[in-house]
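> Submitted below is the structure of interest, expressed as C-alpha cells.
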C-alpha cells in the first residue's frame, strides 16, 4: 500500500472535485448523507449507551458513504451489496476502529477536564452551557486549545482508516498508522483543503446569511431557514465526496480487495 505525496494545489481542488461528483448524482449522495444522519440520530435516542454505539458505528457508516461516492465515480447503479462493500467483510475490525477512536476522544476530554473542570466535556457531549467563570478566567479557552492540539493527530490517524480497513483489509492499528503517515506527508494539501472548506462551509455562508438578514430584517428568520436547508443539502454531500477524492488521489488502489 503506497501513499502519494501531493502538492498544496491538489488539496485546494478536492472540494471543487467533490462538488462535481455531487452534481453527477445529487439524489444518491444526498440520500446517503440523510441516511447517515438518521442512523446516528436513531442510535443516539438511547441515553448513554446510544452515544457509545454511535461512535462504534461511525467507521461502517463512513464506509457506506464512500462506497456511494465510488459508485458515482464508476457510474454504477446503487445496490445495497455494493453500498455495504467491505462492511460485511470487516465488521469487527470497523467496530474496533470506532472503539479506539472513542477511547482516544474520551482520554483527550479527560485531560481537558483537568484544566476546566469538565466544562468542555459537558459542552460537547452533554450540550450544557459553559460556566461564566470558566470563560472569564480563560480556562475554557485553554482547555479547547489543548483539546484541539491533541485531537489533530487522532483525526489524522482516523481520516483514511475506515477505508483502509474495509477496502484494503488492514488491521485497525495498521490502518490508523498508515492514515496518520499519509496525512503527515500531505499536510500541505490538507491545509489548503481545510482553508477551502472553511471558506465555503463557514465564512461565505455566514456572510450570505448576514447579508440576507440585513436586507430582509422583517423576515430574517424565515429567509435564513430558507437558505440554510439547501446550503446544508449541497455542502454536506459535497464535503462527503471531497473526503473520497482525498483518498482516491493519495492512495493507489492496486491492493484494494474486490467486492
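Positions of Cβ are set from backbone N, Cα and C atoms, glycine also.
A TrEMBL annotation is a machine prediction, not a hand-curated record.
When I checked TrEMBL for this same protein, it listed these features:
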| type | residues | note |
| --- | --- | --- |
| TRANSMEM | 28-46 | transmembrane segment |
| TRANSMEM | 52-72 | transmembrane segment |
| TRANSMEM | 93-115 | transmembrane segment |
| TRANSMEM | 140-169 | transmembrane segment |
| TRANSMEM | 190-216 | transmembrane segment |
| TRANSMEM | 222-245 | transmembrane segment |
> Using a Cβ cut-off of under 8 Å, list the residues of the same chain at least 6 residues beyond the transmembrane segment (93-115) that approach it.
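Distal contacts: 52, 55-60, 63, 87, 121, 124-125, 139, 142-144, 146-147, 150-151, 154, 158, 161-162, 165-166, 171-173, 175-176.
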> Residue list, the transmembrane segment (28-46) vs rest of chain: Cβ under 8 Å, 6 or more residues beyond ends.
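Long-range Cβ neighbours of the transmembrane segment (28-46): 21-22, 53-54, 57, 61, 64-65, 68-69, 71-72, 78, 83, 233, 236-237, 240-241.
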> Which residues, given as numbers and ranges, are at least 6 beyond the ends of the transmembrane segment (190-216) yet have a Cβ under 8 Å from it?
8-9, 11-12, 14-15, 183, 223-224, 227-228, 231, 235, 239, 242, 246
